[in-house]
């Protein structure tokens, strides 16, 4: 039985109880949301040590951190450190997007290193195995694709991106609809190229029922990938993106009938004024499936600062219904991120998520209230306790010290200090 099947039968699972307690909501409310497919629970049946996480309606906006090797840089220990740092700074989930080295070993080591849910893109492994054999990616067979997917599910991944919306029909449209950036999804591109080469339908779409069987066996959440997401602002909201979205919406409904949990991935580059409409359209087209967005980035001309562009877009997306933010690092569009890039990316995404969560959950807002109270009292010890990034708090305080009880920005000119002293003097006089 999957979490969705249990929920439909009125069963509150251990995972639902655990999550409801952490989220501060009633177990039965969570059960109803899971039954409808409005909320998903990450917890592969064989991933025994994972702490389950819920994404979707009625729960907090979550943050994912992507890590993984590339064909140029293969350092397994660094990837494990990235995973640990990401979790330390609040990542709710990790995606291993490795494309270089022993992918099975890397994935399994990352899964053992942390206790948060793990996601992958299995088609990457199918493609990498072709290259390792000296073959072209388009030479992979349908069996190669299915073997990679089943291997990841058996290993215990809790969610997996599958580009089921890259169909033969939409690939044909690509021949007449010109984009500025083109197609930027790796997994989506692998499948589009395969379709063009063999003139056959995407196996993951053609045999979607088989994909559902595999996902159901392990209770893996299918993250329906946006292979045709816009890779730059000029391509946002074009016919290709929207055509894929409506295909994904139909596939969500089929998955729900089969008792399989799904979420839908969203755009990566969107002008700031279009974000509310795009997220709301996603919710309508998918019957309120959980929405997973990469950013979205609100500008393209700040390489090195894309984590900030992504946090701005992520906050707006979450405010308008996005449920799951995939972080963006300062290395986006430039190279493979290092550990520090991962830390900065997670913090930026957590900031965006918290900005929305504090509007919906009293305990989240309480943190900000307590910080305001501590600042109003110049209580630095309390501010440190509440601060999200305590290391940065200490670093700046030590770098620019002051002899006053204020900070080195104002010192004796501190507005809070002056008015407190004057009010106290007035009351005692």
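Placement of Cβ uses the backbone N, Cα and C atoms for every residue, glycine included.
Swiss-Prot names 66, 95, 124, 163, 185, 186, 187, 226, 227, 228, 229, 265 as substrate ligands; from the candidate set 38, 205, 292, the record adds 292 to that same site.
Each of the binding-site residues 187, 227 was scored by how many other Cβ atoms lie within 10 Å of its Cβ, and the smallest score goes to 187. A straight line from the CA of residue 269 (Zn(2+) binding site) to the CA of residue 66 (substrate binding site) spans 17 Å.
Residues 402, 404, 406, 408, 409, 411, 413, 415, 416, 417 surround the recorded [4Fe-4S] cluster site, their Cβ atoms falling within 8 Å of the Cβ centroid of 407, 410, 414, which are themselves excluded. Checked against residue 292 (substrate binding site), the binding-site residues 333, 407, 410, 414 differ in C-alpha distance, with 333 being the nearest. Reduced to three states, the DSSP call for residue 292 (substrate binding site) is strand. Of all Cβ atoms in the shown protein chains, 14 besides its own fall within 10 Å of the Cβ of residue 410 ([4Fe-4S] cluster binding site).
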